[in-house]
Amino acid sequence: MQPIMQITYRPQWQQLKIAFYQDRILYIYVLITTLLVYLLSSMFLDNQSLKFDPFIYLDMLIQVCYISFLIWATGFYLFLAYNRTPHPLHHFVKAIKSSINPSHKALSFIFLILALNFTFSSYTFIKPLIPQINPFQYDRLFHQLDQWLHLGYTPWQITHYIFSSAIATSILNILYHLWFLLKWGAILFFIVRRDLIQLRVQFLLTFLSSWLLIGGLGAIALSAAGPCYLHLLDPDALYYQPLMQRLIEQNHELTQLGWFRVWVLDVQDTLWQMHISQQQSIGGGISAMPSMHVSIAVLMALAAYRYNKRLGLVMWLYAITIQIGSVHLAWHYAVDGYFSAIFTVCLWKGIGWIQNHFGQSNKV
């Protein structure tokens, strides 16, 4: 009995060790950053309403995994049926089994989801603390910089001149929210595609690093609330009141047309209420500079172009759309996105350089 068990489990254990070894830099990064955030929260945080919960994202990630599986399963089975594949149920069951067997595939997937949970939880903890660590102070500067870079115009005036209709605003709003689905799809793709050894680790490490380096440290150093909140924090700074009024009017027009509303208005109001009540929750906190939407969109474009040039061009077009939408919908100053794009490319290149010069071996 003992030799049989050894034959059965030893190869799977070896494969799991290989998977851990290939992803070791990801786990080391997550471990160090999570411990640092925890220690900082324990030593310096006096606000009892904001506590570091390293598992705050776990329930949501489990739900997202479940929904993603249902979408994939439905789509794959319909694909088999559409192509009239013989015995589609057999192929369907075989595909599901291959995703969890050998067991090291499922285990390594679970551990990487846990790693994502720790990084997202750290970011969720840090974001509401930004104005406490470094009060919002650069909004006027970024507004002036926007005007200087765009020949005296405020960038939203340009986007609303080009995309002037309420329908155009609604489409930008939809594409802006599509970011969440594309982000999750990219994460899942690179978690499971272990055959893309260098590209996979480069994407995942850049992704994890972006949230804490760009969205955390960068946001603290360049603390700004954003156009949609500027008048609430500084009653004399009414530069973006015409933009907010325009979005409200377009939202009313879309409601009358029975078309998709400008959802960002509700989201912006919810985040503001969470901010003034110092409520900690998934997605909470306000911060404009840098733009994580632009950062992750650029990262997806970089990775997609490396994987497939045509797909990459589509994703670069989407990244530009996110940059436009972030300004058009009053979330960001244009310079927020420019900074994010530059920093993300530098981070991507830097991690790629480290991989090339200190390349990971696939052996254990």
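The backbone N, Cα and C atoms fix where each Cβ goes, and this holds for glycine too.
Among the features that TrEMBL reports, domain 'Inositolphosphotransferase Aur1/Ipt1' is placed at 142-338. Look at TrEMBL and you will find 25-44, 56-80, 106-126, 158-182, 203-225, 282-304, 311-331 tagged as transmembrane segment.
Contact check: the transmembrane segment (25-44) against the transmembrane segment (311-331) gives fewer than three Cβ pairs closer than 8 Å, residues 6 or more apart, which falls short of the contact criterion. In this chain, the transmembrane segment (203-225) touches the transmembrane segment (106-126); three or more CB pairs sit within less than 8 A of each other, excluding pairs fewer than 6 residues apart.
The transmembrane segment (56-80) shares the most Cβ pairs under 8 Å with 282-304, out of the stretches 158-182, 203-225, 282-304, 311-331. Across 203-225, 282-304, 311-331, stretch 311-331 shows the highest tally of CB pairs under 8 A with the transmembrane segment (158-182). Beyond the ends of the transmembrane segment (282-304), by six or more residues, the same chain brings 56-57, 60, 124, 126-130, 138-139, 142, 176, 179, 182-183, 186, 190, 199, 202-203, 206-207, 210-211, 214-215, 218-219, 222-227, 229, 271-272, 274-275, 311-312, 314-316, 318-319, 322-323, 325-326, 331-333, 335-337, 339-341, 343-345, 348 to within a C-beta distance below 8 angstroms of the stretch. Taking the domain 'Inositolphosphotransferase Aur1/Ipt1' (142-338) as a whole, pLDDT averages 93 in the prediction.
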